[in-house]
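First comes the structure, then the notes that go with it.
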Amino acid sequence: MKIVKISPRGYCYGVVDAMVIARNAALDTSLPRPIYILGMIVHNKHVTDAFEEDGIITLDGPSRLDILDKIDSGTVIFTAHGVSPEVKQRAKEKGLTTIDATCPDVTKTHDLIEAKKAEGYHVIYIGKKNHPEPEGAVGIAPDIVHLIEKADDLKTLEIPTDKILVTNQTTMSQWDVQHLMEDIQKKFPTAEFHKEICLATQVRQEAVAKQADVADLTIVVGDPKSNNSNRLAQVSQEIAGTKAYRVADVSEIKLEWLQGVENVAVTAGASTPTPITKEVIAFLEQYDPMNPATWERVRKVPLQKILPRVKVKKEQ
C-alpha cells in the first residue's frame, strides 16, 4: 500500500500559539487557581486530555456565558476561537483573571466587524451554527451581525440597509464560502465581500484538492468537533473526488475501508497533534491485509507527547 502524505497538514500557528499560552499558564505559579479553559482550547480531545494532566480544567457548555456561570474563582483562558465582549466583561465582573488565546486571524475579523458597525453597516457572517468562533463573532455586535450557514438561510434574511459587509468563519470550506457569497450577491447586490478563510486552512484545503486525487481513499486525522478537519474530508470527496473518512486517531480506522485500496492519502486538521498523525501513517505503512499481526489499531501516543514544549522561566 502506498501512502500519500499530503503536505502541508496538521498544526497551524494559531493553534500552537494557543497551546503555548495555556502551557505557560499551567507553569505560572503566580496565577490564581484553578485554571479553566472556556471550552476546548482547540478542537481536539487529545489536547484537552493532555492539559488536564497539566492541571488545567476544560469546561464545556452551550455557550461561553453558560460556561462562565460554572466558574466562581481562579483563572480563565479564552480559546483560539475568540469570545464576545460580553464574555470578557462577565469574567471581569466575576473577578476572574483572564488570559486571551484568540487566534490573530479571528481577532482580525472581530476588528473588522467593529469597524463596519461604526460606519453603519450590517454584517452577514457565514459560519457554523453552535460553533464557538461564530458565537464570538456574532457577539461583537449581535444587533447587526446575521449568521448564515447555508443558502436556505438567505430566504428569510432581510437587512434594513444597503450598507452590507459579508465575511466568514476562518475554518470554512473556501468553495462553500465562495458559493454562498455568490448567492448573497444576487440577493444583496450592494454587499461588500471580505473573505476571511485563514491562510493555514486555505493551503491545507488546496493541498487535499490537488494531492488526494491520485489516492483511492483519504484519511483525515482530526477531532469530530474540528470544523477544519471535517472540511478537509469534504474537500477530498467533493473537489478531489476521493472517498474520505475522518478519524480521531489510529484506533478509529476500520479495516474494511482498506479493502482493495492501493493508495491512501493522509492529512490532518489544524488542531491535530503531530504524533497522533504519525501513528496513523505508521500503521498504514506496515499494514498487510494478509497478515493479522499488522492489524492492531491502538493509540499508544502518551499524553505528555501531545503538547508543545515550553521553556520554564528561571526564578531571578
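Placed from the backbone N, Cα and C atoms, the Cβ positions cover glycine too.
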Identity of the isopentenyl diphosphate-site residue among HIS131, HIS146 (reference: HIS43, HIS81, SER226, ASN228, SER271, source: Swiss-Prot):
HIS131
What is the set of residues, excluding HIS43, HIS81, HIS131, THR170, SER226, ASN228, SER271, whose C-beta falls within 8 angstroms of the centroid of the C-beta atoms at the (2E)-4-hydroxy-3-methylbut-2-enyl diphosphate site?
VAL42, ALA80, GLU133, THR171, LYS225, ASN227, SER229, GLY269, ALA270
Within the same chain, and leaving aside CYS12, CYS103, CYS198, name every residue whose CB is within 8 angstroms of the centroid of the CB atoms belonging to the recorded [4Fe-4S] cluster site, in sequence order.
TYR13, GLY14, VAL15, ALA80, PRO104, ASP105, VAL106, THR170, THR171, LEU199, ALA200, THR201, ALA270
According to DSSP, collapsed to three classes, what secondary structure does SER271 ((2E)-4-hydroxy-3-methylbut-2-enyl diphosphate binding site) have?
coil
For a quick check of packing: other C-beta atoms within 10 Å of the C-beta of THR170 ((2E)-4-hydroxy-3-methylbut-2-enyl diphosphate binding site), how many?
29
